[in-house]
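A short write-up of the structure that comes next.
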Amino acid sequence: MSQSDIFFDHKHIWHPYSSMVNPLPCYSVISAKGVYLKLKNGKNIIDGMSSWWSTIHGYNHPILNKSLKKQIRKMSHVMFGGITHPSAILLCRKLLKLTPKKLDCVFLSDSGSIAIEVAIKMLIQYWEALGQKRTQILTIKNGYHGDTFSAMSISDPNNSMHKIYNKFLPKNLFAETPTSSFHKEWNSIDIQSFKKIIEKKSKKIAGVILEPIVQGVGGMNFYHPTYLKEIKKLCKAYSIPLVFDEIATGFGRTGKFFAFQHANVIPDILCLGKAMTGGTITLAATLTSRNIAHTISSSKVSCFMHGPTYMGNPLACAVANANIKILEKNEWKKQVINIEKQLCQSLLPLIHHPRVVDVRVLGAIGVVECFHFVNMALIQKFFVKNGVWIRPFKKIIYIVPPYIISMNCLKKLINVIEKSLDNDTLFNVENI
């Protein structure tokens, strides 16, 4: 990669969550292997982000690579409208085997945000088929569900990165975020805000959508499993479909294969993505019940009106099958347990640091919440200089490493986080 390439990138390529006038620095990665990213200058840095929760087995995994090579000899892509293929059929078989029996219809798509859009369209079309104009979604504050329009409309309306679009988005309903954290006692007051809304607006609510247990980049909150149980009771009482967004948490990240298993509740619709292909190619899925699928399919329209160009892409399905085969060996369970133990041992004590508000650990997720906003450009540079890749946001420094990470590499991630907390220049103290 030449200096000309870097200059071109800086001038012409618009990176995510960045500016074209004053862009954040971009670090040139030329290859990746295991938990390491290799920079242009030859330096290897430890990836603490799993490329946004996705590369759970690390980079360049031989089994995943082999599945791609095998599939590409047959076909790299074919449209899914009116056509099917073995890789998609096998993947849907595997997904049905992994998920609750109630969820027996699978709609494939090409990203997590689209999986959410599909779920919302299913809800609206479901009620339309029943002769009811229900279009509002009930969720909770501090959530994040993606960057497309319907996904933005159910992400936190005030504190999210999407608030500049608020006046253009559908108006949905937001209950207060539960305050009972995962590892502490349940407080029944937490359900009251949600209960009041569902009691008052039940005839307008098309569905409830939540990130189960773990709220992602809306704030990295881990809430009590009882909250999900109470939500399920209310949804059942008012016959409102319940949707779980497991795009970030699915496939073992929290210590359970799916986060909703911590509460032993079953949704009516389930959205999956990110780690489904082991972070190799983009792929997502929305699973729903036979009741919802048949209600939609028995309406005047009779069809579900959605069809992404790359839906059911054979390469993506093939590598997803290989990824699930790795997970079926169950080595991930021990890996995540070991990560959680190390995070509890070494990350949790940072709660005593004067810059830190809270430290949270669940499965292979570690979160340090600070009093001050990070200076994104400076802290990113600091992390890279110290041999790690961590991408914070707002006041949150968090890590979601690949499950295969060694304890020495994990300790290094934690040590560099601790070191960053001692550096005043990395935080915008005025933005309290």
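Just so you know, glycine gets a Cβ as well, placed from its N, Cα and C.
Per Swiss-Prot, these features apply:
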{"type": "BINDING", "residues": "TRP52, TYR144, LYS274, GLY307, ARG391", "note": "substrate binding site"}
{"type": "BINDING", "residues": "GLY112, SER113, ASP245, PRO308, THR309", "note": "pyridoxal 5'-phosphate binding site"}
{"type": "MOD_RES", "residues": "LYS274", "note": "N6-(pyridoxal phosphate)lysine"}
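The Cβ of ARG391 has fewer other Cβ atoms within 10 Å than any other of the binding-site residues LYS274, ARG391. Within 10 Å of the C-beta of TRP52 (substrate binding site) there are 15 other C-beta atoms, taking all protein chains into account.
Under a cutoff of 8 A between CB atoms, and with a sequence separation of 6+ in the same chain, the neighbours of TYR144 (substrate binding site) are SER155, ASP156, SER160, GLU211, GLN215, GLY216, VAL217, GLY218. Taking Cβ-Cβ distances under 8 Å and a sequence gap of 6 or more within the same chain, the neighbours of PRO308 (pyridoxal 5'-phosphate binding site) are SER109, ASP110, ILE114. A sphere of 10 angstroms centred on the C-beta of GLY112 (pyridoxal 5'-phosphate binding site) encloses 30 other C-beta atoms.
In the structure as shown, the Cβ atom of ASP245 (pyridoxal 5'-phosphate binding site) sits within 10 Å of 31 other Cβ atoms.
By neighbour count, meaning other C-beta atoms within 10 Å, the densest spot among the binding-site residues SER113, THR309 is SER113. Over all protein chains present, the Cβ of GLY307 (substrate binding site) has 12 other Cβ atoms lying within 10 Å. Among the binding-site residues TRP52, GLY307, ARG391, none has a Cα sitting within 10 Å of the Cα of GLY112 (pyridoxal 5'-phosphate binding site). In this structure the C-alpha atoms belonging to ASP245 (pyridoxal 5'-phosphate binding site) and TRP52 (substrate binding site) are separated by 15 Å. Taken residue by residue with DSSP, THR309 (pyridoxal 5'-phosphate binding site) is part of neither helix nor strand, so it is coil. The DSSP secondary structure for ASP245 (pyridoxal 5'-phosphate binding site) is strand.
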